[in-house]
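Novice: Copying in the features that TrEMBL gives for the protein in this structure:
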DOMAIN    20-250  domain 'SMP-30/Gluconolactonase/LRE-like region'
BINDING   22, 151, 191  divalent metal cation binding site
BINDING   106  substrate binding site
ACT_SITE  191  active site, proton donor/acceptor
């Protein structure tokens, strides 16, 4: 089904321009948006009302942030999942995920089922990447093998369905309660994704300056134009969770590339799930 792209009145959050903005996560405890600049080696905290931004730049490059149930953050870097120091931005590894040494982990989320999902990227074209599920005991298991570039991942509001984007394959796939594949839809270079309160799946499209919404069964529903070509990820936030935040990456002379955008898109999101582990700190 063809969907006519919508023009949106996006707000630009301050002067922040990321080389590769990723992993936006709303923190309702402080009313701030957190995100990472992967190649800029920074973890950013942004006030969405003023655009004021503060960076932690002392650590390894982090590709994803996951809030913890007891407070604080887990970060993904290389093949490690670790605890982020809130003052220095450094990462204390808690577990290293299995797999070929030349594969790096990418996007991650805590699902509504309490499980942390994180996937890897195989830049050789051999599809050796995988999507992993990590429980509270920090023992990983493979949900999907044969992945090219694991990217956006999230669960349905009830945690029963898992959605996962593979950028190199050009697909968004849905997995049922037993985490067996139940549906897949072709998507042009899908990057990050998030699920709203109604079960809709919002997908950032790298290279086309677009965010698309799919229904829970992955039927095309909406398309939003974004004034930057390299759209990387999406997250809902704000006091009523009705603002969609969009991260981007720098692209040549495109004026707003690398900016963070926000707009009320008429849909309510969900607060991020927090991952509970038995590991302190």
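Backbone N, Cα and C define each Cβ position, glycine as well.
Unlike curated entries, TrEMBL annotations are predicted automatically.
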Novice: How far is it from residue 191 (divalent metal cation binding site) to residue 106 (substrate binding site), counting Cα to Cα, in Å?
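Specialist: That separation, Cα to Cα, works out to 11 Å.
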Novice: Return the residues near residue 22 (divalent metal cation binding site), defined as same-chain residues 6+ apart in sequence whose C-beta is under 8 angstroms from its C-beta, sorted by sequence, else 'none'.
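Specialist: Set apart from residue 22 (divalent metal cation binding site) by at least 6 residues yet with Cβ under 8 Å, we have 35, 36, 37, 38, 63, 64, 107, 192, 232, 233, 247.
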Novice: Compute the centroid of the Cβ atoms of 22, 151, 191, then list the same-chain residues not in that set whose Cβ lies within 8 Å of it, in sequence order, for the divalent metal cation site.
Specialist: 106, 107, 152, 165, 167, 192, 204, 206, 232, 233
Novice: At a 10 Å cut-off from the C-beta of residue 106 (substrate binding site), count the other C-beta atoms across all protein chains.
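Specialist: Here the count is 26.
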Novice: Could you list the residues of the same chain, at least six apart in sequence, whose Cβ is under 8 A from the Cβ of residue 151 (divalent metal cation binding site)?
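Specialist: Set apart from residue 151 (divalent metal cation binding site) by at least 6 residues yet with Cβ under 8 Å, we have 106, 107, 119, 165, 166, 167, 190, 191, 192, 193.
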Novice: Pop the mean pLDDT for the domain 'SMP-30/Gluconolactonase/LRE-like region' (20-250) in here, whole number is fine.
Specialist: 97
Novice: Using DSSP and collapsing to three states, where does residue 191 (divalent metal cation binding site) fall: helix, strand or coil?
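Specialist: It is in a strand.
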